Amino acid sequence: MSFEELGVSKWLSEALNSMKIHTPTTIQSACIPKILKGHDCIGGAKTGSGKTIAFAAPMLTQWSEDPSGIYGLVLTPTRELALQIAEQFAALGSSMNIKVSVIVGGEDIVKQALELQRRPHFVVATPGRLADHILNSGEDTVCGLRRVKYLILDEADRLLSNSFGGDLERCFNILPSTDKRQTLLFTATVTDAVRALKDRPVPKGKLPVFIHEVETVDKVAIPSTLSVKYVFVPSYVKEAYLHSILNLPQYSDSLSIIFTNRTATAELLRRTLRKLEFRVASLHSEMPQTERTNSLHRFKAGAAKILIATDVASRGLDIPTVELVVNYDIPADADDFIHRVGRTARAGRKGDAISIVAEKDVDRILAIEERINKKMDLIEDISDNKVIKDSLNKTSVAKREAFMDMDRENFGEKRKINKSKRQANEGTISIHESKKKKHHK
(Lines of atoms letter the chains of each structure in order from A and count residues from 1; the text may use other names and numbers.)
(Lines give C-alpha, C1' and ligand atoms only; values in the text may rest on other atoms or scores of the structure.)
Protein backbone atom coordinates (compact mmCIF):
# COMPACT_ATOMS: atom_id res chain seq x y z
CA MET A 1 0.00 0.00 0.00
CA SER A 2 1.25 3.51 -0.83
CA PHE A 3 1.14 6.65 1.33
CA GLU A 4 -1.47 8.17 -1.01
CA GLU A 5 -3.69 5.12 -0.50
CA LEU A 6 -3.48 5.77 3.26
CA GLY A 7 -4.86 9.28 2.65
CA VAL A 8 -1.62 11.28 2.59
CA SER A 9 -1.62 14.37 0.29
CA LYS A 10 -0.09 13.96 -3.16
CA TRP A 11 2.53 16.68 -2.52
CA LEU A 12 3.61 14.94 0.69
CA SER A 13 3.76 11.50 -0.95
CA GLU A 14 6.06 13.02 -3.56
CA ALA A 15 8.21 14.56 -0.82
CA LEU A 16 8.46 11.16 0.90
CA ASN A 17 9.39 9.50 -2.41
CA SER A 18 12.13 12.07 -2.98
CA MET A 19 13.53 11.07 0.44
CA LYS A 20 13.48 7.41 -0.73
CA ILE A 21 10.57 6.57 1.61
CA HIS A 22 8.22 4.63 -0.65
CA THR A 23 6.38 2.05 1.45
CA PRO A 24 4.65 2.74 4.79
CA THR A 25 5.88 0.78 7.82
CA THR A 26 3.48 -1.17 10.06
CA ILE A 27 2.93 1.69 12.50
CA GLN A 28 2.45 4.18 9.66
CA SER A 29 -0.12 1.95 7.94
CA ALA A 30 -1.99 1.46 11.22
CA CYS A 31 -1.98 5.03 12.55
CA ILE A 32 -2.12 7.41 9.56
CA PRO A 33 -5.71 6.56 8.41
CA LYS A 34 -7.02 6.65 12.00
CA ILE A 35 -5.42 10.04 12.69
CA LEU A 36 -6.81 11.44 9.43
CA LYS A 37 -10.30 10.31 10.52
CA GLY A 38 -9.93 12.27 13.77
CA HIS A 39 -8.97 9.63 16.34
CA ASP A 40 -6.61 10.41 19.19
CA CYS A 41 -3.81 7.87 18.94
CA ILE A 42 -1.34 5.94 21.08
CA GLY A 43 1.40 4.47 18.89
CA GLY A 44 3.88 1.97 20.27
CA ALA A 45 6.50 0.36 18.05
CA LYS A 46 10.14 -0.66 17.95
CA THR A 47 12.79 2.00 17.64
CA GLY A 48 13.61 2.79 14.02
CA SER A 49 10.13 1.87 12.78
CA GLY A 50 9.10 5.30 11.47
CA LYS A 51 7.07 6.77 14.34
CA THR A 52 7.84 10.39 13.37
CA ILE A 53 6.29 10.02 9.90
CA ALA A 54 3.33 8.18 11.48
CA PHE A 55 2.30 11.43 13.17
CA ALA A 56 3.88 13.98 10.79
CA ALA A 57 2.23 12.71 7.58
CA PRO A 58 -1.44 13.02 8.65
CA MET A 59 -0.78 16.31 10.45
CA LEU A 60 0.99 17.87 7.45
CA THR A 61 -1.73 16.57 5.12
CA GLN A 62 -4.44 18.35 7.09
CA TRP A 63 -2.31 21.45 7.73
CA SER A 64 -1.80 21.94 3.96
CA GLU A 65 -5.58 22.29 3.57
CA ASP A 66 -5.74 25.07 6.21
CA PRO A 67 -2.25 26.50 6.88
CA SER A 68 -3.09 29.21 9.41
CA GLY A 69 -1.75 29.90 12.92
CA ILE A 70 0.17 27.37 15.00
CA TYR A 71 -1.30 24.10 13.72
CA GLY A 72 0.54 21.57 15.87
CA LEU A 73 2.70 21.35 19.00
CA VAL A 74 5.20 18.51 19.37
CA LEU A 75 6.68 17.95 22.85
CA THR A 76 9.82 15.85 23.30
CA PRO A 77 11.99 15.03 26.34
CA THR A 78 15.33 16.15 24.85
CA ARG A 79 16.68 19.10 22.88
CA GLU A 80 18.40 16.86 20.33
CA LEU A 81 15.20 14.98 19.55
CA ALA A 82 13.34 18.29 19.15
CA LEU A 83 15.94 19.53 16.65
CA GLN A 84 15.79 16.26 14.72
CA ILE A 85 11.97 16.28 14.49
CA ALA A 86 12.01 19.92 13.35
CA GLU A 87 14.53 19.03 10.63
CA GLN A 88 12.25 16.22 9.41
CA PHE A 89 9.21 18.54 9.34
CA ALA A 90 11.20 21.19 7.46
CA ALA A 91 12.39 18.62 4.90
CA LEU A 92 8.92 17.14 4.38
CA GLY A 93 7.22 20.54 4.08
CA SER A 94 9.89 22.45 2.14
CA SER A 95 7.79 22.64 -1.03
CA MET A 96 4.97 24.24 1.00
CA ASN A 97 7.17 26.88 2.70
CA ILE A 98 6.56 25.35 6.11
CA LYS A 99 7.68 27.32 9.17
CA VAL A 100 8.83 25.30 12.18
CA SER A 101 10.06 26.75 15.48
CA VAL A 102 12.26 24.84 17.92
CA ILE A 103 11.74 25.95 21.53
CA VAL A 104 14.38 24.30 23.73
CA GLY A 105 16.69 25.27 26.58
CA GLY A 106 20.16 26.61 25.93
CA GLU A 107 19.02 29.00 23.18
CA ASP A 108 18.17 32.72 23.23
CA ILE A 109 14.79 32.98 24.97
CA VAL A 110 14.03 36.47 23.55
CA LYS A 111 14.63 35.28 19.98
CA GLN A 112 12.35 32.29 20.66
CA ALA A 113 9.60 34.58 22.00
CA LEU A 114 9.74 36.63 18.78
CA GLU A 115 9.48 33.42 16.72
CA LEU A 116 6.38 32.34 18.65
CA GLN A 117 4.80 35.77 18.14
CA ARG A 118 5.18 35.29 14.36
CA ARG A 119 2.93 32.19 14.57
CA PRO A 120 5.00 29.40 12.97
CA HIS A 121 3.00 26.52 11.51
CA PHE A 122 4.49 24.01 13.96
CA VAL A 123 6.28 24.26 17.29
CA VAL A 124 8.63 21.51 18.48
CA ALA A 125 9.57 22.03 22.12
CA THR A 126 10.88 20.59 25.35
CA PRO A 127 8.34 21.04 28.19
CA GLY A 128 10.68 23.01 30.46
CA ARG A 129 11.47 25.80 27.99
CA LEU A 130 7.88 26.06 26.70
CA ALA A 131 6.60 26.28 30.30
CA ASP A 132 9.14 29.07 30.82
CA HIS A 133 7.61 31.05 27.94
CA ILE A 134 4.07 30.42 29.20
CA LEU A 135 5.01 31.83 32.61
CA ASN A 136 7.25 34.69 31.59
CA SER A 137 7.00 35.72 27.91
CA GLY A 138 3.54 37.30 27.87
CA GLU A 139 0.22 36.57 26.18
CA ASP A 140 1.33 37.91 22.77
CA THR A 141 3.99 35.21 22.68
CA VAL A 142 1.93 32.18 23.68
CA CYS A 143 -1.64 33.02 22.58
CA GLY A 144 -1.14 31.12 19.30
CA LEU A 145 -0.89 27.90 21.30
CA ARG A 146 -4.49 28.34 22.49
CA ARG A 147 -5.77 27.29 19.05
CA VAL A 148 -3.54 24.35 18.07
CA LYS A 149 -5.26 21.47 16.31
CA TYR A 150 -2.73 18.81 17.33
CA LEU A 151 -0.69 17.95 20.43
CA ILE A 152 1.97 15.26 19.97
CA LEU A 153 3.93 13.68 22.81
CA ASP A 154 6.97 11.95 21.33
CA GLU A 155 8.69 9.47 23.67
CA ALA A 156 5.47 9.72 25.69
CA ASP A 157 6.57 7.27 28.40
CA ARG A 158 9.42 9.57 29.38
CA LEU A 159 7.31 12.74 29.18
CA LEU A 160 4.62 11.22 31.42
CA SER A 161 7.17 10.28 34.09
CA ASN A 162 7.31 12.40 37.24
CA SER A 163 10.32 14.42 36.08
CA PHE A 164 8.24 16.45 33.58
CA GLY A 165 5.01 16.68 35.60
CA GLY A 166 4.84 20.38 36.51
CA ASP A 167 6.15 21.68 33.19
CA LEU A 168 3.85 19.40 31.22
CA GLU A 169 0.82 20.57 33.18
CA ARG A 170 1.66 24.22 32.43
CA CYS A 171 1.92 23.37 28.72
CA PHE A 172 -1.40 21.47 28.69
CA ASN A 173 -3.22 24.28 30.51
CA ILE A 174 -2.68 26.77 27.68
CA LEU A 175 -3.84 24.39 24.92
CA PRO A 176 -7.41 23.85 23.71
CA SER A 177 -9.37 21.29 25.75
CA THR A 178 -9.07 17.63 24.70
CA ASP A 179 -12.39 17.74 22.81
CA LYS A 180 -11.09 20.58 20.60
CA ARG A 181 -7.72 19.07 19.61
CA GLN A 182 -6.26 15.73 18.56
CA THR A 183 -3.72 14.20 20.94
CA LEU A 184 -1.13 11.74 19.61
CA LEU A 185 1.27 9.79 21.84
CA PHE A 186 4.19 7.84 20.37
CA THR A 187 6.79 5.73 22.14
CA ALA A 188 8.92 2.60 21.85
CA THR A 189 7.79 1.49 25.31
CA VAL A 190 4.05 1.64 26.03
CA THR A 191 4.03 1.90 29.82
CA ASP A 192 1.00 1.52 32.10
CA ALA A 193 0.90 5.33 32.46
CA VAL A 194 0.63 5.68 28.67
CA ARG A 195 -1.86 2.81 28.29
CA ALA A 196 -4.09 4.23 31.07
CA LEU A 197 -4.88 7.23 28.87
CA LYS A 198 -6.90 4.94 26.60
CA ASP A 199 -9.33 4.21 29.44
CA ARG A 200 -10.18 7.84 30.17
CA PRO A 201 -13.77 8.89 29.35
CA VAL A 202 -14.15 9.95 25.71
CA PRO A 203 -15.43 13.55 25.44
CA LYS A 204 -18.79 13.96 23.72
CA GLY A 205 -18.41 14.09 19.95
CA LYS A 206 -14.90 12.54 20.01
CA LEU A 207 -13.94 9.24 18.42
CA PRO A 208 -12.45 6.54 20.71
CA VAL A 209 -8.68 6.49 21.22
CA PHE A 210 -6.87 4.25 18.73
CA ILE A 211 -3.97 2.27 20.18
CA HIS A 212 -1.32 0.44 18.17
CA GLU A 213 1.19 -1.64 20.12
CA VAL A 214 4.01 -3.98 19.22
CA GLU A 215 2.37 -7.38 18.85
CA THR A 216 2.48 -9.57 21.96
CA VAL A 217 4.61 -12.22 20.24
CA ASP A 218 6.95 -9.45 19.19
CA LYS A 219 6.91 -7.68 22.55
CA VAL A 220 10.67 -7.51 22.70
CA ALA A 221 10.78 -4.00 21.19
CA ILE A 222 14.35 -4.52 19.95
CA PRO A 223 14.98 -5.29 16.27
CA SER A 224 15.61 -8.88 15.18
CA THR A 225 18.66 -7.63 13.24
CA LEU A 226 20.33 -6.50 16.49
CA SER A 227 23.02 -8.71 18.03
CA VAL A 228 23.16 -8.29 21.84
CA LYS A 229 26.46 -9.22 23.53
CA TYR A 230 28.36 -8.66 26.77
CA VAL A 231 31.87 -8.80 28.20
CA PHE A 232 32.44 -9.45 31.93
CA VAL A 233 35.20 -7.26 33.38
CA PRO A 234 36.66 -6.00 36.68
CA SER A 235 35.15 -2.54 37.28
CA TYR A 236 38.52 -0.78 37.64
CA VAL A 237 39.70 -1.66 34.11
CA LYS A 238 36.56 -0.94 32.06
CA GLU A 239 38.41 1.59 29.88
CA ALA A 240 40.93 -1.05 28.81
CA TYR A 241 38.18 -3.42 27.66
CA LEU A 242 36.40 -0.57 25.87
CA HIS A 243 39.67 0.24 24.07
CA SER A 244 39.92 -3.41 22.96
CA ILE A 245 36.32 -3.42 21.69
CA LEU A 246 36.81 -0.24 19.65
CA ASN A 247 39.99 -1.67 18.11
CA LEU A 248 38.34 -4.88 16.89
CA PRO A 249 38.62 -5.00 13.06
CA GLN A 250 34.84 -5.12 12.57
CA TYR A 251 34.37 -1.85 14.50
CA SER A 252 37.53 0.09 13.62
CA ASP A 253 35.73 2.18 10.98
CA SER A 254 32.17 2.00 12.37
CA LEU A 255 30.05 4.80 13.75
CA SER A 256 29.66 3.92 17.44
CA ILE A 257 27.74 5.35 20.40
CA ILE A 258 29.01 4.72 23.94
CA PHE A 259 26.47 5.26 26.73
CA THR A 260 27.35 6.22 30.30
CA ASN A 261 25.09 6.85 33.30
CA ARG A 262 26.78 10.08 34.41
CA THR A 263 27.98 13.24 32.68
CA ALA A 264 31.34 13.14 34.48
CA THR A 265 31.97 9.62 33.14
CA ALA A 266 31.05 10.72 29.61
CA GLU A 267 33.47 13.65 29.81
CA LEU A 268 36.27 11.52 31.29
CA LEU A 269 35.84 8.92 28.53
CA ARG A 270 35.80 11.59 25.81
CA ARG A 271 39.09 13.03 27.02
CA THR A 272 40.62 9.58 27.57
CA LEU A 273 39.73 8.32 24.09
CA ARG A 274 40.87 11.56 22.48
CA LYS A 275 44.29 11.11 24.11
CA LEU A 276 44.28 7.61 22.59
CA GLU A 277 43.71 9.26 19.16
CA PHE A 278 40.11 8.20 18.60
CA ARG A 279 37.87 10.68 16.77
CA VAL A 280 35.29 11.33 19.47
CA ALA A 281 32.44 13.72 20.26
CA SER A 282 30.25 13.83 23.33
CA LEU A 283 26.67 14.66 24.22
CA HIS A 284 25.61 15.37 27.79
CA SER A 285 23.75 17.94 29.88
CA GLU A 286 26.89 19.81 31.04
CA MET A 287 27.52 21.01 27.48
CA PRO A 288 26.11 24.30 26.11
CA GLN A 289 23.43 23.73 23.46
CA THR A 290 25.68 24.98 20.63
CA GLU A 291 28.34 22.40 21.57
CA ARG A 292 25.72 19.65 21.76
CA THR A 293 24.43 20.55 18.29
CA ASN A 294 27.97 20.73 16.87
CA SER A 295 28.84 17.33 18.36
CA LEU A 296 25.82 15.75 16.69
CA HIS A 297 26.62 17.36 13.33
CA ARG A 298 30.24 16.12 13.54
CA PHE A 299 29.06 12.61 14.35
CA LYS A 300 26.38 12.52 11.64
CA ALA A 301 28.93 13.79 9.08
CA GLY A 302 31.46 11.12 10.12
CA ALA A 303 34.02 13.68 11.33
CA ALA A 304 33.74 11.96 14.71
CA LYS A 305 33.44 8.18 14.61
CA ILE A 306 32.46 7.77 18.27
CA LEU A 307 29.75 9.60 20.22
CA ILE A 308 29.97 9.33 24.01
CA ALA A 309 26.62 10.14 25.54
CA THR A 310 24.37 10.00 28.55
CA ASP A 311 20.73 8.98 28.12
CA VAL A 312 20.05 12.42 26.60
CA ALA A 313 20.89 10.68 23.27
CA SER A 314 19.09 7.39 23.86
CA ARG A 315 15.68 8.59 22.70
CA GLY A 316 14.59 9.04 19.13
CA LEU A 317 17.90 10.05 17.57
CA ASP A 318 17.92 8.66 14.05
CA ILE A 319 21.43 8.15 12.69
CA PRO A 320 20.89 5.12 10.44
CA THR A 321 24.58 4.31 9.92
CA VAL A 322 25.38 3.61 13.61
CA GLU A 323 26.68 0.03 13.68
CA LEU A 324 27.71 -0.33 17.33
CA VAL A 325 26.26 0.70 20.69
CA VAL A 326 28.35 0.13 23.82
CA ASN A 327 26.80 0.26 27.28
CA TYR A 328 29.87 1.40 29.23
CA ASP A 329 27.56 1.69 32.25
CA ILE A 330 24.52 -0.56 32.58
CA PRO A 331 21.27 1.42 33.00
CA ALA A 332 19.12 0.79 36.08
CA ASP A 333 15.95 0.67 33.96
CA ALA A 334 15.58 -2.05 31.33
CA ASP A 335 13.52 0.31 29.14
CA ASP A 336 16.50 2.68 29.01
CA PHE A 337 18.55 -0.25 27.70
CA ILE A 338 15.98 -0.75 24.92
CA HIS A 339 16.16 2.91 23.92
CA ARG A 340 19.97 2.90 23.96
CA VAL A 341 20.45 -0.19 21.81
CA GLY A 342 17.71 1.07 19.49
CA ARG A 343 20.20 3.63 18.15
CA THR A 344 21.60 0.85 15.95
CA ALA A 345 20.02 -1.83 13.71
CA ARG A 346 17.52 0.77 12.48
CA ALA A 347 15.11 0.28 9.56
CA GLY A 348 16.18 -3.32 8.87
CA ARG A 349 19.95 -2.77 9.07
CA LYS A 350 22.22 -4.96 11.19
CA GLY A 351 23.85 -3.69 14.36
CA ASP A 352 25.67 -4.79 17.51
CA ALA A 353 25.10 -3.79 21.14
CA ILE A 354 27.83 -4.68 23.63
CA SER A 355 27.44 -4.24 27.38
CA ILE A 356 30.51 -3.93 29.60
CA VAL A 357 29.41 -5.81 32.72
CA ALA A 358 31.15 -5.44 36.09
CA GLU A 359 30.43 -7.44 39.27
CA LYS A 360 27.78 -5.00 40.54
CA ASP A 361 25.86 -5.08 37.22
CA VAL A 362 24.80 -8.73 37.18
CA ASP A 363 21.30 -8.17 38.63
CA ARG A 364 20.65 -5.37 36.13
CA ILE A 365 21.70 -7.59 33.21
CA LEU A 366 19.40 -10.39 34.37
CA ALA A 367 16.49 -7.92 34.58
CA ILE A 368 17.28 -6.61 31.08
CA GLU A 369 17.43 -10.14 29.64
CA GLU A 370 14.04 -10.89 31.16
CA ARG A 371 12.59 -7.65 29.76
CA ILE A 372 13.86 -8.23 26.21
CA ASN A 373 13.18 -11.98 26.41
CA LYS A 374 16.65 -12.71 25.11
CA LYS A 375 19.96 -13.96 26.54
CA MET A 376 23.02 -11.91 25.71
CA ASP A 377 25.94 -13.70 24.07
CA LEU A 378 29.43 -13.52 25.56
CA ILE A 379 31.69 -11.67 23.13
CA GLU A 380 34.43 -14.08 22.05
CA ASP A 381 36.77 -11.67 20.25
CA ILE A 382 38.34 -10.30 23.44
CA SER A 383 40.66 -12.14 25.81
CA ASP A 384 42.01 -10.92 29.15
CA ASN A 385 45.58 -11.52 27.92
CA LYS A 386 45.01 -9.36 24.83
CA VAL A 387 43.56 -6.55 26.95
CA ILE A 388 46.53 -6.64 29.35
CA LYS A 389 49.02 -6.75 26.47
CA ASP A 390 47.49 -4.16 24.11
CA SER A 391 45.26 -1.84 26.14
CA LEU A 392 45.77 -1.76 29.90
CA ASN A 393 48.86 0.41 30.25
CA LYS A 394 48.02 3.01 27.59
CA THR A 395 44.40 3.45 28.79
CA SER A 396 45.55 3.82 32.42
CA VAL A 397 47.96 6.62 31.45
CA ALA A 398 45.39 8.38 29.24
CA LYS A 399 42.69 8.14 31.93
CA ARG A 400 45.00 9.57 34.59
CA GLU A 401 45.92 12.53 32.34
CA ALA A 402 42.26 13.13 31.43
CA PHE A 403 41.24 13.09 35.07
CA MET A 404 43.95 15.62 35.95
CA ASP A 405 42.79 17.90 33.11
CA MET A 406 39.20 17.80 34.38
CA ASP A 407 40.34 18.52 37.92
CA ARG A 408 42.42 21.46 36.73
CA GLU A 409 39.44 22.89 34.79
CA ASN A 410 37.01 22.41 37.71
CA PHE A 411 34.66 20.26 35.62
CA GLY A 412 31.40 19.90 37.53
CA GLU A 413 31.42 23.38 39.06
CA LYS A 414 29.09 24.57 36.29
CA ARG A 415 26.62 21.84 37.25
CA LYS A 416 26.52 23.09 40.86
CA ILE A 417 26.00 26.70 39.70
CA ASN A 418 23.22 25.67 37.27
CA LYS A 419 21.54 23.61 39.98
CA SER A 420 21.52 26.64 42.30
CA LYS A 421 20.09 28.80 39.50
CA ARG A 422 17.41 26.19 38.75
CA GLN A 423 16.40 25.92 42.41
CA ALA A 424 16.23 29.72 42.67
CA ASN A 425 14.12 29.83 39.50
CA GLU A 426 11.78 27.12 40.81
CA GLY A 427 11.37 29.16 43.99
CA THR A 428 10.45 32.19 41.88
CA ILE A 429 7.94 30.13 39.89
CA SER A 430 6.34 28.81 43.11
CA ILE A 431 5.99 32.37 44.45
CA HIS A 432 4.61 33.53 41.08
CA GLU A 433 2.01 30.73 41.03
CA SER A 434 0.97 31.21 44.66
CA LYS A 435 0.42 34.92 43.94
CA LYS A 436 -1.72 33.97 40.93
CA LYS A 437 -3.81 31.62 43.10
CA LYS A 438 -4.31 34.34 45.74
CA HIS A 439 -5.31 36.78 43.01
CA HIS A 440 -7.89 34.33 41.60
CA LYS A 441 -9.32 33.77 45.07
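Just so you know, glycine gets a Cβ as well, placed from its N, Cα and C.
From a predicted model like this one, the values you see are computed outputs, not experimental measurements.
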Looking at 1-29, 117-145, 262-290, 407-435, which one does Swiss-Prot call motif 'Q motif'?
1-29
Out of 74-77, 154-157, 386-389, 390-393, let me know the one Swiss-Prot marks motif 'DEAD box'.
154-157
Spatial neighbours of S49 (ATP binding site) that are distant in sequence (at least 6 apart) but have CB under 8 A:
T25, T26, I27, A347
Any residues 6+ beyond the ends of the motif 'DEAD box' (154-157) with a Cβ under 8 Å from its own?
42, 51-52, 55, 74-78, 81, 85, 185-191, 193-194, 315-316, 335
Across the motif 'Q motif' (1-29), what does the mean pLDDT come to, as a whole number?
94
Once A45, K46, T47, G48, S49, G50, K51, T52 are set aside, which residues in the chain still have Cβ within 8 Å of the Cβ centroid of the ATP site?
T25, I27, A54, A188
Residues of the domain 'Helicase C-terminal' (247-387) by DSSP state, where helix covers H, G and I:
58 helix, 28 strand, 55 coil
Could you give the number of helix, strand and coil residues in the motif 'Q motif' (1-29) as assigned by DSSP?
17 helix, 0 strand, 12 coil
